[in-house]
């Protein structure tokens with residue numbers, strides 16, 4: 001097997017505690033653009049066609065492993081935090097195959113690495129028959145990073161850590177990203193790393209000297225964008241990483257035919273899919289498994305999570321959709337809320353301050369204002385008046401109601417579930433409907449109006465004079481009576 005034909009295995013180091021995050025959540029599980037940081041590393045490894053991916057866990061191992069369950073990776077636990085060299089060895093020894101693959105080392109807190117960068121790194125490693133290839137970058141000020149020191153011929157000589165560097169070495173701009181491609185000998189050499197240092201830890205960087213002692217080829221592959229190897233060790237760096245990913249994601253969507261009216265304010269998670277000629281107004285947030293079809297407009301400051309929006313849908317500003325399916329040509333909002341289980345068929349109108357949950361509205365249904373529609377199926381072309389409430393909860397259980405097609409529900413009506421309203425029925429405004437309504441019937445369920453002539457004059461005349469003086473309009477009105 002030639003060097004170029006070797007399979008690729010990946011070890012992802014994700015065992016650190018991340019104390020600078022000051023969080024109960026393991027560092028690598030902090031989300032960036034819709035994925036935990038470690039999931040970005042897994043995604044990149046999969047894009048390379050890796051044969052085997054092992055994630056090394058330690059702090060919060062159960063949480064990390066649960067978060068990645070079903071992703072196709074395997075896990076190895078680092079029992080004690082003994083440094084990167086020990087963590088790598090734990091992961092390498094857990095690989096299914098030994099001694100026949102190149103091994104890529106990634107970190108669970110570097111979510112910005114592009115698969116194309118890693119492909120180029122791997123290609124360089126194999127083209128030069130290298131034993132160890134280090135991914136490096138340059139910064140005007142590389143404070144905090146280990147520096148790459150080269151000999152007079154430009155070959156990598158050693159890596160010096162920040163705390164051990166001389167002033168001259170600290171001036172070096174090229175730094176070690178911590179990402180490596182190693183040949184199949186790496187696990188064997190890693191067993192020879194010692195912890196003879198002030199921290200008493202095993203450092204993966206010591207592999208460089210061990211390879212050099214073997215006379216092996218060691219290279220550095222320098223990338224042009226140092227942002228790619230930006231680690232997120234605290235909340236500030238997490239926000240910086242999120243901003244980089246947001247720009248990447250937004251740019252990709254714009255290049256694919258999506259209009260973002262103010263990209264700096266729009267957040268689209270990596271798991272979202274958008275069609276062509278979609279328009280996103282300022283402040284829009286799209287999350288989870290949201291799928292948006294061609295020609296959809298989403299208004300300013302709307303939040304859409306795990307929802308499907310079919311062709312031509314209009315979501316007006318300040319609307320919140322979660323777990324909803326909105327059919328072609330429907331419009332929602334402004335200030336509407338569609339909760340999980342909502343299905344709007346074609347050309348449905350949901351207006352301002354309407355809330356739905358576990359509701360299916362057939363084609364042409366209109367609910368224009370101030371309504372709650374929960375646990376209900378509503379037939380085609382039904383009109384839901386302002387203030388309509390489906391009273392679906394009895395204090396213990398939710399109950400389902402059915403409203404037929406072509407029904408007219410007057411304003412401020414309450415349907416006390418479970419109810420069945422037949423096709424073409426009328427519900428009078430202000431009714432509290434507590435019995436089923438047959439097809440084509442009119443239901444009126446409200447108290448009879450009483451009108452008491454002269455009541456206001458008697459009421460105010462009996463009021464204390466001090467109260468009447470606070471109402472200047474009242475004296476004039478009483479004089480006219």
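Every residue gets a Cβ built from N, Cα and C, even glycine.
For 1-235, the entry in Swiss-Prot reads region 'Pyrophosphorylase', with the evidence type sequence analysis.
In the three-state DSSP scheme, residue 13 (UDP-N-acetyl-alpha-D-glucosamine binding site) is classed as strand. Note on residue 13 (UDP-N-acetyl-alpha-D-glucosamine binding site): other Cβ atoms within 10 Å of its Cβ, all shown chains, come to 27. The annotation UDP-N-acetyl-alpha-D-glucosamine binding site is assigned in Swiss-Prot to 13-16, 27, 78, 83-84, 107-109, 146, 161, 176, 233, 339, 357, 372, 383 on the grounds of sequence analysis.
What Swiss-Prot lists as Mg(2+) binding site is 109, 233, and the listing cites sequence analysis. Mapped onto three states, the DSSP output places residue 109 (Mg(2+) binding site) in coil.
Under the heading region 'Linker', Swiss-Prot lists 236-256, citing sequence analysis as support. Looking just at the region 'Linker' (236-256), the mean pLDDT is 97.
Feature annotation from Swiss-Prot assigns region 'N-acetyltransferase' to 257-481; the stated evidence is sequence analysis.
Residues within less than 8 Å, Cβ to Cβ, of residue 369 (active site, proton acceptor) and separated from it by at least 6 positions along the same chain comprise 351, 352, 353, 354, 386, 387. Residues or ranges marked as active site, proton acceptor in Swiss-Prot (evidence: sequence analysis): 369.
Residue 386 (acetyl-CoA binding site) carries neither a helix nor a strand DSSP state and counts as coil. Marked as acetyl-CoA binding site by Swiss-Prot: 386, 411, 429, 446.
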Summary of DSSP states over the region 'Linker' (236-256), given as helix, strand and coil counts: 20 helix, 0 strand, 1 coil
Express in Å, rounded to the nearest integer, the largest CA to CA distance found among the acetyl-CoA-binding residues 386, 411, 429, 446 named in the record. 17
All-chain count of other Cβ atoms within 10 Å of residue 233 (Mg(2+) binding site): 16
Using Cα coordinates, what distance in whole Å links residue 16 (UDP-N-acetyl-alpha-D-glucosamine binding site) and residue 109 (Mg(2+) binding site)? 9
For residue 369 (active site, proton acceptor), what is the secondary structure by DSSP, using just helix, strand and coil? strand
